[in-house]
């Protein structure tokens, strides 16, 4: 995970109300006045059949299912995303009665984007809006200082409201070698090292529709000139980004974005690559998922290296937000898209205090996400160790339980608990939740060109695009044989742990005392292990 932009959030639900928002006075955000002008927010409507999407996702993603790979068309997904009967009319009438008519539904009609004056929004949702200024980042943002609430007659029609309470975090998520307690340098990770380590000796066929994408936030653009120098320095095939959408900058290169672009093109060599930057200063993953779903030509595989601890998300929105975001990602999976997120760079603590219980990362710990942890090279160039910063653990079971939501990993996680001899104190984590990360890859001392200079960069933000490029290459292999894209990866991966290089060393305590320790098989440090491309290729061709 890029030790950079993520969230420092706020929000909740009244007759339907949300959690009381909060912001820290030492976070850099200061109130500079009442909100004015036009405000935009989103209303996620409750689905008529809330289980249909997730059920379909499992059906088409389980390699033992006769429906494996039989993904929905966009029209089929739209039909199964219908809101509760009458919900659209009731909610839009409520908005109209308040004088709000600038309402735009998303492509499948289950999320409404609303634009209205600050005063109208305050009255509508019974909250107070203020203008905040960040002294270091030098920008302003309008945010609510109170929970939102809804009248009783539409409370059951709304899952959640987003876009009014999230404060962007301005600290960086990528770490340079030697900083932030990163693992000791044992050798530089270059394109040739990475491809050799994972047995990758192929590139894009040029004849399939395989594609890969990167999502960035808060103006994290990549540099065209840095990419060109990277390709030249490491003697790689010439490649440029296919599509730039959102607010993409391509002149000023930021470390996070440069790392993502340069290394997804290493493992997913010559695969058409898209680059998305969310407009403005937001970090809104639910809105990002809508942008991906709305574009019928959006990339098949997405690498995202941003996140926050799940309890911060819930305290900032409401307890339905993780479930709704998981559903939105599940939608993408039913279309055959693979969504990978970095698992975080604070070990078991997800950037929270190390003197308290473990805090699982959002969204890497969600079932519909493939979470990617980090490993490091040994001094002899071999690989068997997870890093101390590799985010991992267990999602809180009040949101997702392994027995119900992540059944594909029951055997793997049970094996971990039965064979581990060095578990942390049990009160620090929820062992009934879904385990993460799912897989891992190198994450220390990647050689990245930034502002024309090659430098070492570390983090699970290096691991995630590495694995995503492998998946895109596997999609190319399948598509050229007339097969479907892989889509949601987790059931397939857990059914075939033999196609990964098992990591058996390392403890992800971050800067704290406790953490999980890697063992043979799946563990909450490195997941199933790192990709073995020849074995993965053989597997996906057999399906």
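Every residue gets a Cβ built from N, Cα and C, even glycine.
Note that the structure is a prediction, hence the values are computed from the model and not measured.
In the shown protein chains, 30 other C-beta atoms lie within 10 A of the C-beta of residue 256 (active site, charge relay system). Residues annotated as active site, charge relay system in TrEMBL: 256 (among others).
Contacts of residue 260 (active site, charge relay system) defined by a Cβ separation under 8 A and a same-chain sequence distance of 6+ are given as 214, 216, 222, 303, 305, 461, 465, in order along the sequence. Taken from TrEMBL, the feature active site, charge relay system covers 260 (among others).
Of all Cβ atoms in the shown protein chains, 33 besides its own fall within 10 Å of the Cβ of residue 461 (active site, charge relay system). Residues or ranges marked as active site, charge relay system by TrEMBL: 461 (among others).
Among the features that TrEMBL reports, domain 'Peptidase S53' is placed at 188-543.
The signal peptide feature in TrEMBL is assigned to 1-19.
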Across the domain 'Peptidase S53' (188-543) the predicted model averages a pLDDT of 93
